[in-house]
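A.B. asks: Okay, here's the structure, questions in a sec.
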Amino acid sequence: MNTKRITRGLCAGLFVTSLFAGGVQAAEHEIQIVQYTYTPAELTIKAGDTVTWINGEKRVSHSVFFNATGEESERFFPGERWSRTFDQPGRVEYRCGPHPEMRGVIIVEP
Ligand SMILES: [Cu+2]
């Protein structure tokens, strides 16, 4: 019984090690939302990276709506944030659900 447990732990350790050995290190990026503007409005990342939108407004809530898929975040309020990981390379255009004039694009490089 003890032997089984040890074996499992070892496998998990090897898996983590091989991920790092492959040189695949996902990065984190932040986009601030202030005065109805995504900053930066255009952001280039690598596939596998995560982008976090941060609402820096005083009292307005926003969302992130992806034009191509119709996927939309929840509305997030001042001080709140929302994150998404981008695994597929490509150009991902988005806007704010309640404020369609707010626009941004994520360029995901392979
Ligand atoms: Cu908005």
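Think of each number as a place in line: the chain as shown, counted from 1.
Cβ from N, Cα, C; glycine included.
From a predicted model like this one, the values you see are computed outputs, not experimental measurements.
According to TrEMBL, the protein carries these features:
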- 1-26: signal peptide (SIGNAL)
- 30-109: domain 'Blue (type 1) copper' (DOMAIN)
- His62, Cys96, His99, Met102: Cu cation binding site (BINDING)
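Burial and contacts for the listed features, if you can.
C.D. replies: Its Cβ placed at the centre, His99 (Cu cation binding site) has 15 other Cβ atoms within 10 Å.
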A.B. asks: Report the residues of the chain - excluding His62, Cys96, His99, Met102 - with C-beta within 8 Å of the mean position of the site's C-beta atoms, for the recorded Cu cation site, in sequence order.
C.D. replies: Ile33, Tyr36, Tyr38, Ser63, Arg95, Gly97, Pro98, Pro100, Glu101
A.B. asks: If you count Cβ atoms within 10 Å of the Cβ of Cys96 (Cu cation binding site), leaving out that atom itself, what do you get?
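C.D. replies: By my count, 24.
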